[in-house]
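K.L.:
This is the structure I have questions about; it appears just below.
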Amino acid sequence: MVETQVWRVDPDAPDLEHAPQIIAAAEKLAQGEIVAFPTETVYGLGGNAKLQDSVRKIYEAKGRPSDNPLIVHVATLEQVRDICTEIHPIAQKLIDTFWPGPLTLVLPSRGEVSNAVTAGLSTVAVRMPSHPVARALILASNLPIAAPSANRSGRPSPTRADHVFHDLDGSIAGILDGGETGVGVESTVVDCTTTPITILRPGGISKEQLIEAVGAVAEDPGLTRSDQAPKAPGMKYKHYAPEATMYLVPAGKDRISELIAFEKNNDRRIGVLTTEENRDSYPEADVVLVCGRRSEPETVAHNLFDVLRHFDQKKVDAIYSETFSEDGIGKAIMNRLSKAAGGRVIE
Ligand code: AMP
Ligand code: MG
């Protein structure tokens with residue numbers, strides 16, 4: 001057990017890089033400890049990407065399988081050049097268009113980061129976050145920071161400091177609490193070593209946005225086909241799961257109401273994950289949680305993980321969830337929902 005310090009920090013404060021909370025967290029990183037910090041996607045659990053010992057601590061605290069590589073967070077292009085051998089013109093175009101922001105690039109590794117970060121692969125995943133606290137921490141520590149989401153492996157990703165505290169209190173040195181994160185789902189991971197580039201994980205930057213920037217974009221077939229392993233090792237794992245068994249119901253409201261009626265005969269406590277538009281449609285359910293407005297899918301992405309964690313507190317036996325269009329950010333929302341449901345869909 002270690003004592004987990006919590007440093008509150010206002011993301012809008014001036015000169016964050018020199019704020020005492022950031023300096024304290026950066027000192028922990030310099031000592032090889034690991035700390036959680038907010039990014040614009042979700043909270044990350046950071047350690048020195050060049051130090052095997054720190055990276056091991058990240059895997060250990062999360063209970064993360066060691067074959068699932070980590071994303072390295074940087075604040076400058078110089079840091080990218082230090083850890084990658086080559087930034088070709090398409091990768092450069094993505095950097096110019098989307099960084100800092102929720103896009104991760106898989107690039108050829110120079111072997112500068114620990115083997116534990118890349119899980120032995122010849123490539124490394126790199127991202128430049130836009131969140132002021134994340135940027136300040138990277139600059140103050142002057143380190144490339146390896147950081148997966150700051151949750152126990154398999155749980156919904158954390159979008160608030162108390163989510164991190166719930167999962168990792170006692171196993172990490174500290175948490176920078178900068179309030180709620182913005183996007184709410186993780187970064188899009190793009191493999192830049194293929195022609196055309198390949199989406200390995202849908203996320204905060206949509207396929208449509210990528211196509212607009214660089215033209216051709218492929219999608220890893222392993223993302224949707226069960227007979228093919230995904231190219232991002234992490235995509236094969238169970239993830240984001242609430243404690244109750246969750247089911248996706250594409251047919252929507254009426255079908256969900258039928259299912260609730262059936263479950264009520266069996267005396268089970270039923271939760272429904274819905275949207276503002278449908279909040280009054282399930283009077284029979286025990287718990288109805290709204291994750292956002294269907295007409296504004298960004299609000300759904302923003303609240304999704306918080307709502308999934310909320311169901312645990314409500315102690316429901318089963319969750320029935322509405323589904324969403326896969327346009328834009330909808331693809332990332334449906335990817336996370338489908339994993340949270342362990343692939344269970346009721347036709
Ligand atoms: P997380 O750190 O939980 O946000 O997950 C990062 C995702 O990026 C996981 O699905 C990893 O498997 C994937 N990833 C990280 N590095 C690489 C890499 N070098 N090649 C392919 N996928 C990667
Ligand atoms: Mg994660």
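Cβ coordinates come from backbone N, Cα and C, glycine included.
A TrEMBL annotation is a machine prediction, not a hand-curated record.
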K.L.:
Using only what TrEMBL says about ATP binding by THR123, SER149, SER157, ARG201, TYR240, identify which of ARG56, ARG64, ARG294, ARG344 is listed for that site too.
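P.N.:
My reading of TrEMBL gives ARG64 as the candidate in that site.
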K.L.:
For the L-threonine site that TrEMBL gives with THR41, ASN68, HIS73, ALA147, SER187, which of ARG8, ARG127, ARG160 also belongs there?
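P.N.:
When TrEMBL describes the L-threonine site, the candidate it includes is ARG127.
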K.L.:
Tell me the Cβ contacts of ARG127 (L-threonine binding site) under 8 Å, same chain only and six or more apart in sequence, or just say none.
P.N.:
ILE71, VAL72, HIS73, VAL74, TRP99, PRO102, LEU103, THR104, LEU105, SER187
K.L.:
Who sits close to ARG201 (ATP binding site): which same-chain residues at least 6 apart have their Cβ under 8 Å from its Cβ?
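P.N.:
Once residues fewer than 6 apart are set aside, ARG201 (ATP binding site) is near THR104, GLU186, SER187, THR188, VAL189, LEU223, ALA232, GLY234, MET235, ASN335.
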K.L.:
Can you list which of the binding-site residues ASN68, THR123, SER149, SER157 have their Cβ under 6 Å from some atom of ligand 1?
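P.N.:
Only ASN68, THR123, SER149 meet the Cβ criterion.
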K.L.:
Whole-number Å distance between the CA of ARG64 (ATP binding site) and the CA of ALA147 (L-threonine binding site)?
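P.N.:
Counting only the Cα atoms, the answer is 12 Å.
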